[in-house]
Amino acid sequence: MSYSLYLAFLCLSLLTQRTCIQGNQVNVEVSRSDKLSLPGFENLTAGYNKFLRPNFGGDPVRIALTLDIASISSISESNMDYTATIYLRQRWTDPRLVFEGNKSFTLDARLVEFLWVPDTYIVESKKSFLHEVTVGNRLIRLFSNGTVLYALRITTTVTCNMDLSKYPMDTQTCKLQLESWGYDGNDVEFSWLRGNDSVRGLENLRLAQYTIQQYFTLVTVSQQETGNYTRLVLQFELRRNVLYFILETYVPSTFLVVLSWVSFWISLDSVPARTCIGVTTVLSMTTLMIGSRTSLPNTNCFIKAIDVYLGICFSFVFGALLEYAVAHYSSLQQMAVKDRGPAKDSEEVNITNIINSSISSFKRKISFASIEISGDNVNYSDLTMKASDKFKFVFREKISRIIDYFTIQNPSNVDRYSKLLFPLIFMLANVFYWAYYMYF
């Protein structure tokens, strides 16, 4: 019995020892595998100089970029800029960071301070910042072949030169340009990783006043005094949504013009009604013109398309008020002429009778006795008209004929013609306006 227990205890001891040995061998193999694929950062960067670029003194570092446009929060016409939040990803190969295996590992963002990274900056940026909540929004990832992926989340405000001459039917072209600050083309070469496909997110953006029509990427060279620098350009076109402005400005201004035409159907004798309509429409049009410029600075020197249309509408509204002034004045003149008519006729008859009755005696009274004769000199000044008086008489006669030619004989015709001409000319002005600004 005791012999059997001894044999069982011996077998159990041998089995336990063998299992421990096999377990230690497995742990050693796993640790060795991890050490080969995921080396310690200190061992990997031993002798690493972050102040020297990869291939220092040799071929330039080729950096491939991709962009994700998270949002375009604002587009300011007054400041000529736009604000966007982007995810910038850069890839390059650093032979000093090669390790065995086919795996990759992500480092803590704070370790980027110990590695060389490109000095990429955004050209024409007014202000930019890196997001820091809850930690710095940066990512650094190492691959076994030495490839480094460096990603950043940035919000930037970039200049965008705008041509507002066709506002609000304009299309603006904005750019986002990336370039190395200190390394020229002999040290760093930038490129888009997948061409136009390197940029994502623009097609999904929904902007308040704009629609993104198209975008494309370019690679150019920036020539500066310090050298030639590779520049990556993202160019995109923004077309303004005109429907908002049609409802806010164009429709109200058109209604005011039509409202001013109501006075053509009101009698000329209704002075308060027609004057009230004319003055009210003029003041309303002025208020609308001032309100349309509140979104743009007063120093803006552009004559915009919306200003042209509001100017046209204001001209028609003010013209309707002047039309009533002309018609009313002509009506008063006609009434005055009618009142003076009988008296003037009797006056002309009396004068004619006096002249006819006195002309014979007038002829008899003219004698050569009134002519002063002194030797051979004869003074005819009392019998002839001076040249200056004759010129004045002819000039007054011409002016009188011109005034009579332009005098409105029937003031009611002014309203009758205005009912046709004002709408016709306004429609023609709209046809030319929309055709020019929409298609030219």
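Even glycines carry a Cβ here, placed using N, Cα and C.
According to Swiss-Prot, the features are:
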type	residues	note
DISULFID	C160-C174	disulfide bond
CARBOHYD	N43	N-linked glycosylation site
CARBOHYD	N102	N-linked glycosylation site
CARBOHYD	N145	N-linked glycosylation site
CARBOHYD	N196	N-linked glycosylation site
CARBOHYD	N228	N-linked glycosylation site
SIGNAL	1-23	signal peptide
TOPO_DOM	24-241	topological domain 'Extracellular'
TOPO_DOM	263-270	topological domain 'Cytoplasmic'
TOPO_DOM	291-301	topological domain 'Extracellular'
TOPO_DOM	323-419	topological domain 'Cytoplasmic'
TRANSMEM	242-262	transmembrane segment
TRANSMEM	271-290	transmembrane segment
TRANSMEM	302-322	transmembrane segment
TRANSMEM	420-440	transmembrane segment
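Counting only same-chain residues 6+ beyond the ends of the transmembrane segment (420-440), those with a CB under 8 A from a CB of the stretch are 166, 169, 257, 261, 264, 305, 308-309, 312, 316, 319-320, 323. Taking only the Cα positions, the spacing between C174 (disulfide bond) and N228 (N-linked glycosylation site) is 23 angstrom.
For the topological domain 'Cytoplasmic' (263-270), same-chain residues at least 6 beyond its ends with a Cβ under 8 Å from one of its own Cβ atoms are 277-278, 320, 323-324, 327-328, 331, 411-412, 415, 418-419, 422. Each residue in the topological domain 'Cytoplasmic' (263-270) gets a DSSP state, and the totals come to 3 helix, 0 strand, 5 coil. A coil conformation is recorded for N145 (N-linked glycosylation site) in the three-state DSSP classification, outside any helix or strand. Candidate glycosylation sites: N43, N102, N228. Nearest to C160 (disulfide bond) by Cα distance: N228. For N102 (N-linked glycosylation site), the glycosylation sites whose C-alpha atoms fall inside a 10 Å radius of its own C-alpha are N145, out of N145, N196, N228. For the recorded site, N196 (N-linked glycosylation site), the DSSP three-state label reads helix. Mean model confidence of the topological domain 'Extracellular' (24-241) amounts to 89 (pLDDT, 0 to 100 scale).
Cβ contacts within 10 Å of C160 (disulfide bond), excluding its own Cβ and spanning all protein chains shown: 20. Here the candidates are the glycosylation sites N43, N196, N228, and by Cα distance the one nearest N145 (N-linked glycosylation site) turns out to be N43. Cβ contacts within 10 Å of N228 (N-linked glycosylation site), excluding its own Cβ and spanning all protein chains shown: 12.
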